[in-house]
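A.B. asks: Annotations for this protein, taken from TrEMBL, read as follows:
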TRANSMEM  6-27  transmembrane segment
TRANSMEM  48-69  transmembrane segment
TRANSMEM  81-103  transmembrane segment
TRANSMEM  124-146  transmembrane segment
TRANSMEM  158-177  transmembrane segment
TRANSMEM  189-216  transmembrane segment
TRANSMEM  236-254  transmembrane segment
TRANSMEM  275-300  transmembrane segment
Amino acid sequence: MEKSFGIVDYAVFILMLVISGAIGIYYRFSGGKQKTNNEYLFGNRNQSLIPVAFSLMASFMSAITLMGLSAEIVTYGTQFVVINISYVLATPIVAHIYLPVFFKLGAVSVYEYLEKRFGSATRLAASLAFTVQMVLYMGIALYAPAIALEAVMGLSQFYSITLVGLVCLFYSTIGGIKAVILTDVFQSILMYAAIFAVIIVAAINVGGIGEIWNIAHRNDRLEFFNLSPDPTTRHSWFTLIIGGIFTYCSLYGINQMQVQRYLTMKDYKTAVRSLWVSWPLLTLLSVSTCFSGLAIYASYHNCDPIK
């Protein structure tokens, strides 16, 4: 039977957009009203640890992750979950090698450091590369939910991308980094709720959490110990952990989006604590998303929902 949005679904979707926009409006007219660069870009460098930790976690956990990771598990099994080991290994690298540089320098961006170390040409090249990377990334991040919304709402991808993009542009532009951080907290809660809702509904439908695991086991979807040294293997401990460490360091150590969030903290020690708090939040979201993939597989293992 074809599934589509009901009244409650539309209400949740609209409410999510309205609350995100309202957060931007609130910060536009509260506090210093975003009149200084320090407040607009760095939240006066006095932001709370927990919200920043959620924001660090949510920055790169978009629909790409929620949809792509669960699809990975459905199609290829659970080996990818091993990448979470790399997160705990890479966190101290970021905390004690990368973060001290930015706080000791008193920099306002990664690119300020590059200019002081290597010159203005390097700063310009890195800025352009980052801009191109983020434009491409944001395009994919908007396109992924547009596909889902088109399937369940009949809303064209163009209008979906435009609507979601404009709301994000609105709250981040008028509310500054404070609005971005609080919206990340709100959207993090929604992501957790969505993932656990999928798991709970699937468990009810197939006969419990244990049955989800049993179905995955019977159909060879459980794989955790691929220790192949072959670099052409799709996923193994070596590729996931080594690759995961480099990926984590690039995203959490030197990406301007994350560095700006660190710099909203009052000092280096607080920033390190926020990074460590974000690690279990990230791991919980990643592991639960992987399990939601098993839940989806268990629900549809006797048929192909795409056909």
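The chain as shown is numbered from 1 upward.
Glycine residues also receive a Cβ, built from the backbone N, Cα and C atoms like all the rest.
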A.B. asks: Counting Cβ pairs closer than 8 Å, which of 6-27, 124-146, 275-300 has the most of them with the transmembrane segment (81-103)?
C.D. replies: 275-300
A.B. asks: Take a look at 48-69, 158-177, 275-300 and tell me which one has the most Cβ pairs under 8 Å to the transmembrane segment (189-216).
C.D. replies: 275-300
A.B. asks: Same chain, outside the transmembrane segment (124-146) by at least 6, Cβ under 8 Å from its Cβ: which residues?
C.D. replies: 62-64, 67-68, 110-111, 114, 157, 160-161, 164-165, 255-257
A.B. asks: Among 6-27, 48-69, 236-254, 275-300, which stretch has the highest count of C-beta pairs below 8 Å with the transmembrane segment (158-177)?
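C.D. replies: Per the Cβ count, the answer is 6-27.
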A.B. asks: Do any residues, 6 or more residues outside the transmembrane segment (48-69), come within under 8 Å Cβ-to-Cβ of it, and if so which ones?
C.D. replies: 80, 140-141, 144-145, 147-148, 180-182, 184-185, 187-188, 191, 194-195, 251-252, 257-258, 261-262, 264-265, 270-271, 273-275, 277-278, 281-282, 285-286, 289-290, 293
A.B. asks: Other than its close neighbours in sequence, what residues sit by the transmembrane segment (275-300), given a CB gap under 8 Å and a spacing of at least six beyond its ends?
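C.D. replies: Same-chain contacts beyond the ends: 49-50, 52-54, 56-57, 61, 65-66, 69-74, 78, 80-81, 83-84, 87-88, 91, 94-95, 99, 188, 191-192, 195-196, 198-199, 201-203, 205-206, 211-213, 215-216, 219, 221, 252, 262.
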